[in-house]
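Undergrad: My questions will all concern the structure given below.
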Amino acid sequence: MITTKDIRFSYGKGTSFQFPDITASKGDSLLITGGSGKGKTTLLHLLGGLLRPQSGDVFIDDTSLSVLSDRKLDHFRGKNIGLVLQQSYFVASLNVLENVVLASWLATGRHATEKAKQLLEQLDLKDHMHKLPSQLSIGQQQRVSIARALINEPKLLLADEPTSSLDDENAYKVADMLSGLAKQFGTALVIVTHDQRLKDRFPNQITLS
Amino acid sequence: MITKIAWKNIWFKPLNTLLSIILLTASVAIITLLILLQDQFEKKFSDNIDGIDMVLGAQGSPLQLILSSVYQVDAPTGNIDYTEAKKWMKHPFVETAIPLAFGDNYRGFRIVGTTPEYLHKYGAEITNGKIFDKNFEVVVGSTVAQKMNIKVGDKFFGSHGDSEEGEVHENHAYIVTGIASSTGKVVDNLILCNIPSVWAMHDHEHDHENEGEAVEDHDHEGHGHHDHEAAEEAHDHEDHMAAEEEGEEHHHEDGHDHDHAEEVHDHVDMPVSEEGKEITAVLIKFKSKMGIVTWPRLIPQNTKMQGALPAIEINRLFTLFGIGLDALQYLAYGIMLISGISIFIALFNTLKERKYEFALLRVNGASRLQLLMLVLIESLLLCVTGYIFGTIVGRLALSFISGSSESEFKISFNPLEFVWEKEGYLFLLTIFVGVLAAVIPAVKAYGLNISKTLANA
């Protein structure tokens, strides 16, 4: 469950954003669309605690992100927020499985190896677990980052343009996968995109203007 | 886990890593080698001058005198008259005086005429057999015994002088009566006998050469001289000095006489007369420190000898060495600086491509401090690896050097010895270089703005 209240943000002078209030509950999906320069990514970063709003607040369940210290916020984010980005980044020297396990270790201090394997299997990556991320296709990499985002069963799953670099078939596959997994793990899903293909799939939509 | 990532990261760029490690290894190896070499060298040199305050020997380079008579590495400066030397040896200032006479070698190992006191001075005991007593009996140092596989009762012929290829004295064989215990000092590489053995070995040769001349001289001499000579001969046995001051022909005859006398002596194992004989050097330990102060000046003023102080000469030698060692050391520190820069450049360059990786780690819950540690640990892993390789390579180099110095100077080094203090400092220095190289990249990773990094992707 995520709710926001009156969040504003500005990059120095000139560009400032005022975002509408957002709510997404457990298992729900919310699509945020808007043209470029409307602050889609900024909003996503605010929701994920990567940026702090100038005013207003973000609540995940009952926790207010604005009262957390930097260190606590890092920890909270690792444990409760999963992030899938437009482009997938990995620790290049670790293999796929290690990358996913690393996310569990950073958040909880435990190596959830079995769970990571299960998740990767579910995402059809069973044969690629011991490859380096750079050896995978873009679509496969995207799926690995989804597995990584979900390994800690977060309360909030954020996706930034998860489909924009994929073809139609893969875009729908990823969209279904995200909403399906969000339901399975009881996670609130927020997708930020300008991809028109997704608009038919998600009834809950907010358009930034 | 952070260490594991760091370890995987450094091997993800093997060429960068290899370059840094090679540079570090080179500098640590050189410095380790120098540390071990200097330490063991000084220890070896200082051990051997323990209990020697002054060396009495022929005039010439005092350093050469010390090197030849204490360390047995250089050629002797010349010989000194034993009678003359004895005056100083018996002086009340002197606590112990050990005479040394060099003559021969056996397969490159020096045969030195001395007194049993020499063995005691270096703490060597006879482990097998007994001390030399009669002429041509020898006690063999532990290293010589081991290398040449010499046992008590063996016989061998010495070669003249320092070089293995010297003329072989085939007239007399040395008989091994004892093997000395290992001391780690110069005595291990020596073959020791009494001083008369050295005299006898060489007088004998000398006499053979002169025999013919002596006979010739007889022919030239008139009958009138005959009585005189006979008288002189009788006199000879009592006072060689007087004989030597006489004319040429007497000298020859004296030699002839002596030869005869010696042969007899040899057979009955009586000591050879000391008169007019020469030795190479005397190792002196003073009772009174006055000797150390005054004798080095007094001796050359009054005699044809010199008194060299080992402590001063060895200090001088170390100073000379020191310049070379210092230069090498600076070179090594230079290489270490370069390796530090190489680590810095490697970390700094990859930082640009790795900032997404860092941002991602932060998204996944890594703290700023963990990123800082990651960069720092990568650098330290390189340094520790370089240090470990460096210590090993330095020791390998030392064992090579030890091999060649052993065959050349009979000085060996122990590569397995650790100089904890200096090597500890070296380790700290290496770590410091690693930290220094990582500071800027680590701080950059620490201060990374993840939102900006990910938004600009």
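Cβ atoms are placed via backbone N, Cα and C, with glycine included.
Whatever TrEMBL says is automated annotation, not expert-curated.
According to TrEMBL, the protein has these features:
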| type | residues | note |
| --- | --- | --- |
| DOMAIN | B:17-192 | domain 'MacB-like periplasmic core' |
| TRANSMEM | B:17-37 | transmembrane segment |
| REGION | B:206-259 | region 'Disordered' |
| TRANSMEM | B:331-351 | transmembrane segment |
| DOMAIN | B:332-449 | domain 'ABC3 transporter permease C-terminal' |
| TRANSMEM | B:371-398 | transmembrane segment |
| TRANSMEM | B:424-443 | transmembrane segment |
Undergrad: Between the stretches B:17-37, B:371-398, B:424-443, which wins on the count of C-beta pairs under 8 angstroms to the transmembrane segment (B:331-351)?
TA: B:17-37
Undergrad: Grab the same-chain neighbours of the transmembrane segment (B:17-37) for me: Cβ-Cβ under 8 Å, and only residues 6 or more beyond its ends, written as numbers and ranges.
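TA: For the transmembrane segment (B:17-37), the nonlocal Cβ contacts are 10-11, 325, 328-329, 331-336, 338-339, 342-343, 346, 382-383, 385-387, 389-391, 393-395, 397-398, 401, 413, 415, 417, 419, 422-423, 426, 430, 433.
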Undergrad: If you average per-residue pLDDT over the domain 'ABC3 transporter permease C-terminal' (B:332-449), what number do you get?
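TA: A mean pLDDT of 88 is what the model gives the domain 'ABC3 transporter permease C-terminal' (B:332-449).
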Undergrad: Under the DSSP assignment, what numbers of helix, strand and coil residues are found in the domain 'ABC3 transporter permease C-terminal' (B:332-449)?
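TA: The composition, in the requested order, is 101 helix, 0 strand, 17 coil.
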